[in-house]
Ligand code: BG6
């Protein structure tokens, strides 16, 4: 276990939702597991709270419930964790407040990390204020998504931040890259010779990537209504997953080798012609419905959402990659809120046998398929056909399972924990480089533009379903269907 990197971790947005649910619990878990250097400090920065005591009170009330395991908190670890936490009250409009921060930081040795868990409109002002007091030297800056609203605004932020921090100092976080199964996908693809010859257009018929949520917009209606699923999930998480599934084997696992290969895929995405958008992109918005027995309201009646909102809570896309490995293979991506189930998975449909000596049912669906389940219950499942016991040659779909929690009972790590440790240790591979981000924005932009001016509203779907019928129809045009529709 590596604990050697001493650090000072400055958390802007210290009382925000993300700090409460993800960042502070991840730091606590790293502390509890003995993965943080003993002298490492966390300096929370916020506006709403005046003193350290008041901040610790907030942490006790809001963060502690998120660190419990089976309802129990490791109290001695919790006390030790709180001892690491310092607090600086900052008003962005007062440059002298940053001098207080500088003095607080100067009291500690170690890698300086500035984590901006704030809205993107504060990224540049915070970076400038840090530079004014010299805190951009020997430091790393972590930028949360969304980084901008479109290509132009993201470039504006990247340009301004780039004047203050070098690219090697900038950690653009996409928490999907920190998920254990996504790491495993790299291990599966590049640690085994078995899959490589099959991982291409000759053998793969289509690939589906789904990130489905049961949750709605929670308390983020205001933010979400100005964002929508394309910006919130597709531009980043789904395109990152797609690039990991389809990238060429990197020369090594160093940060630029991996990111160079992902970038090649993002640049090879077939540009979408505005006239074709209705054929390759479906946008939906949920109406009231029932999810697992629970009634939920329509998106348009959620707090913070405009009644006439045209924001999409569901997106399904057909994507193509213009390179030798993938030419002609359709990739179907989909994400949505208030869907029937919470599931994130990648389905690789291999081509059926070209001729079946075993009868027609050897060509049927349910075989020649690899399903990589990212959450919940991480598994990799290979579906094959096998003979049913008994007389005759009757085939049935069976699967080989790699259930990670059975193989590896310990050491599982939450995405944020892994990523925060990577920042502290200076590993950039799981963070998005500027050019990748630009390529992803460039690719989604025609869809964003078209949907912004389209007179057609998003297609309705009832909460608790798998999205609008048009999503299934899009796959049907390619002679296929979403995995759950097969059963
Ligand atoms: C975030 C989005 O990036 O990812 C949220 O902003 C979404 O809207 C979340 O709910 C999903 O992440 P996870 O890890 O719960 O699948």
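Glycine is treated like the rest: Cβ placed from N, Cα and C.
For the substrate site, TrEMBL lists 175, 179, 232, 337; matching the candidates 196, 213, 214, 320 against that entry yields 213. For the NADP(+) site, TrEMBL lists 91, 92, 145; matching the candidates 47, 52, 112 against that entry yields 47. In this structure, the binding-site residues that sit close to ligand 1, with a C-beta under 6 angstroms from any of its atoms, are 232, chosen from 47, 91, 92, 232, 337.
Of 91, 145, 237, all annotated as recorded positions, the residue with the shortest Cα distance to residue 213 (substrate binding site) is 237. The two recorded residues, residue 237 (active site, proton acceptor) and residue 91 (NADP(+) binding site), have Cα atoms 32 Å apart. Reported as a whole number, the C-alpha separation between residue 145 (NADP(+) binding site) and residue 179 (substrate binding site) equals 16 Å. Residue 232 (substrate binding site) is 26 Å away from residue 47 (NADP(+) binding site) when you measure Cα to Cα.
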